[in-house]
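Some notes on the structure that comes next.
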Amino acid sequence: MSFRQESTSMTPSAEYPRMPSRAPRVAAPRPGKWTTFLFVIATLGSLAALAATYYFFVRTSMGQFIDESALVEAVALSGTAGKAATQLLDWLPALSVLIASVVVLFVTVLRRRWVAAGIALTACVGANVATQILKDLVPVRPDRGIETLDFNSLPSGHTTLAASAAAAVFLLVSPRWRPLAGFLGGTFAVATGVSTLVNQWHRPADVVAAFLLVGAFMLPAGWLVIRMGPQWNVWDGYNRHWASARLWVALPVLLGLAAAAVAAIALLIIAPSPWQQESTTSYFWAGTSLIVITGYLTAVAGVWLFGHAARHEDAR
């Protein structure tokens, strides 16, 4: 009696495939078409809002009156607040360059994000150059019967410098630091804008226009930055790190809502009604509120947009 041993094949079958020696390297995905669409819409929205700001506050009589009244009423706060504002504005150029330089050097040298740093700096310089060009090219304020200076001061150069430096820092930090960077940068830009109004250097519309112009430059730059560095454009969501806490998003929202309430009260006081009062500082507070709302709104929108564009840690 013989026993016949059947030969078995050692080659992998379809049922038991061969295991690879190591996992294949998957390239980090780039932002999708939906993210690109959002960046395009945000950029076009900034440009449209900039044009609307110019048209209403420079070309119309009502806009000129509101803008100029806020500037005139700033005299009431030109004492101690004016001195503090002057000191901030005197230190602003050096402070902005220092903050941006430290972050750029850190990111460029230690993290080796050479391309991202170049893109952010180019956009920063472009926004500041465009501000000076607009001041020279935009027509002077037309005579609408409002007593005002006829030369063009829109956009604010100091505000553009502060906002663009803050935006450059925002673009270069890693995603988990962006909520904090957005809040601190927005606060720095808002404080600068309000200081130019208190010091009677600029009208509220000049500051708002500066915010929008910076957004129009920095949004395309941000889109390029996240495409050039998809490997580090990753985070694990809000509240997983103290710098990405939702607190940094909630604070500017609350401050913006408070500013909206101040603006509503200020305008109700001077609106035609049986209890209408003559304005002494109402236009100033309304203009200040407009600066605060615009500054923090752009900061929150930036945090949301770039958070949406970042990949989540568990998706890697």
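Cβ from N, Cα, C; glycine included.
Nobody curates TrEMBL annotations by hand; they come from automatic prediction.
Source: prediction; values computed, not measured.
Per TrEMBL, the feature compositional bias 'Polar residues' maps to 1-12.
What TrEMBL records for 17-27 is compositional bias 'Low complexity'.
In terms of DSSP helix, strand and coil, the domain 'Phosphatidic acid phosphatase type 2/haloperoxidase' (117-222) has 80 helix, 0 strand, 26 coil. Here TrEMBL flags 117-222 as domain 'Phosphatidic acid phosphatase type 2/haloperoxidase'.
What TrEMBL records for 1-27 is region 'Disordered'.
Residues or ranges marked as transmembrane segment in TrEMBL: 34-57 (among others). Counting same-chain residues at least six beyond the ends of the transmembrane segment (34-57), those with a Cβ under 8 angstroms from any Cβ of the stretch are 63-64, 66-67, 138, 154, 203-205, 208-209, 212-213, 215-216, 219-220, 222-223, 301, 305, 308-309.
For 88-107 (among others), the entry in TrEMBL reads transmembrane segment. Within its own chain, the transmembrane segment (88-107) has Cβ neighbours under 8 Å at 113, 116-117, 120-121, 124, 158, 161-162, 165-166, 168-169, 172-173, 188, 191-192, 195-196, 199, 201, counting only residues six or more beyond its boundaries.
The transmembrane segment annotation in TrEMBL covers 114-134 (among others).
For 154-173 (among others), the entry in TrEMBL reads transmembrane segment. If one looks beyond the transmembrane segment (154-173) by at least 6 residues along the same chain, the residues whose Cβ comes under 8 Å of a Cβ in the stretch are 53-54, 57-58, 89, 92-93, 96-97, 99-100, 103-104, 107, 113, 116-117, 119-121, 123-124, 127-128, 131-132, 134-135, 138, 181-182, 184-186, 188-189, 192-193, 195-196, 201-203, 205-207, 209-215, 217-218, 221-222, 225, 295, 302, 306.
Annotation source TrEMBL lists transmembrane segment at 180-201 (among others).
Summarising the annotation, TrEMBL assigns transmembrane segment to 207-226 (among others).
With a threshold of 8 Å between CB atoms, the same-chain residues lying at least 6 positions outside the transmembrane segment (247-271) that come near it are 179-180, 182-183, 186-187, 238, 277-279, 281-283, 285-286, 288-290, 292-293, 296-297, 299-300, 303-304. Under the heading transmembrane segment, TrEMBL lists 247-271 (among others).
Marked as transmembrane segment by TrEMBL: 283-306 (among others). Sequence-distant contacts of the transmembrane segment (283-306) (same chain, at least 6 residues past either end, Cβ-Cβ under 8 Å): 38-39, 42, 66-67, 69-74, 76-77, 163, 167, 170, 175, 178-179, 182-183, 185-186, 189-190, 193-194, 197, 203-204, 207-208, 211-212, 215, 219, 222, 226, 248-249, 252-253, 255-256, 259-260, 262-263, 266-267, 270.
Through the fold, the transmembrane segment (180-201) approaches residues 70-71, 74-75, 77-78, 81-82, 84-86, 88-89, 92, 99, 156, 158-159, 161-163, 166-167, 169-170, 173, 207, 210-211, 242-245, 248-249, 251-252, 284, 287-288, 291-292, 295-296, 298-300, 302-303 of its own chain, all at least 6 residues removed from its boundaries and within a Cβ separation under 8 Å.
Proximity of distant same-chain residues to the transmembrane segment (114-134), defined by a Cβ-Cβ separation under 8 Å and at least 6 residues beyond the stretch ends, is recorded for 100, 104, 107-108, 152, 154-157, 160-161, 163-165, 167-168, 171-172, 210, 213-214, 216-218, 220-221, 224-225, 228-229.
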